[in-house]
Amino acid sequence: MASVRIREAKEGDCGDILRLIRELAEFEKLSDQVKISEEALRADGFGDNPFYHCLVAEILPAPGKLLGPCVVGYGIYYFIYSTWKGRTIYLEDIYVMPEYRGQGIGSKIIKKVAEVALDKGCSQFRLAVLDWNQRAMDLYKALGAQDLTEAEGWHFFCFQGEATRKLAGK
């Protein structure tokens, strides 16, 4: 098994991050939904007031190899606030390339996000998963996550594009 390192993303990683975002969307059967550009990822994640934070998983080259590290996974997270529980971290995306799954890389990304949550004083760590992705649900439960759909019956809603403009009267 190759050596893997989880680290904070750098601005120069945006091309790899976008590639992985597209792979995740394809896996989720939602590839037509990806509208983000590499430039937007740079502007939104690496300015003075970033909208998101990102971790990347990279495979380190074997000793003596000329190739550099290869980004094979990522996790994008940001901070939200719960009026009941306070500071919360939300993992928007987590993805590992298929050929690197089953090596604990996803778990390492999740554990690193948990470390960030504790360092920032967060009381909860939230994420969502499509209802057909049983492998991911099993992983999250094995790591100690609670399924809030089962436990509390929450449904999450989203106003997008035109619905937001209409709601805002614009």
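Residue 1 is the first one shown; counting continues down the chain.
Placed from the backbone N, Cα and C atoms, the Cβ positions cover glycine too.
With a 10 A radius on its CB, TYR140 (active site, proton donor) counts 20 other CB atoms from all the protein chains. Summarising the annotation, Swiss-Prot assigns active site, proton donor to TYR140.
When secondary structure is read from DSSP and collapsed to three states, GLU152 (substrate binding site) falls in the helix class. Per Swiss-Prot, substrate binding site is recorded for PHE27, GLU28, GLU92, GLU152, and the stated evidence type is similarity to another entry.
Long-range C-beta contacts of VAL96 (acetyl-CoA binding site), restricted to its own chain and to partners at least six residues apart, with a cutoff below 8 Å, comprise ALA57, VAL72, GLY73, ILE105, GLY106, ILE109. Taken from Swiss-Prot, the feature acetyl-CoA binding site applies to ILE94, TYR95, VAL96, GLY102, GLN103, GLY104, ILE105, GLY106, SER107, ASN133, GLN134, ARG135, TYR140.
Confidence annotation: the domain 'N-acetyltransferase' (4-168) carries a mean pLDDT of 94 in the model. According to Swiss-Prot, the domain 'N-acetyltransferase' annotation covers 4-168, on the basis of sequence analysis.
Counted within 10 Å of its Cβ, the other Cβ atoms near LYS29 (N6-acetyllysine) come to 10, all protein chains included. The N6-acetyllysine annotation in Swiss-Prot covers LYS29.
GLN134 (acetyl-CoA binding site): 10 other CB atoms within 10 A of its CB, across all protein chains. Note: the Cα of GLU92 (substrate binding site) and the Cα of LYS29 (N6-acetyllysine) are spaced 17 Å from each other. Look at the binding-site residues GLU28, GLU92, GLU152 and count other Cβ atoms within 10 Å of each Cβ; GLU152 has the fewest. On the backbone, the CA of SER107 (acetyl-CoA binding site) and the CA of GLU28 (substrate binding site) stand 19 Å apart.
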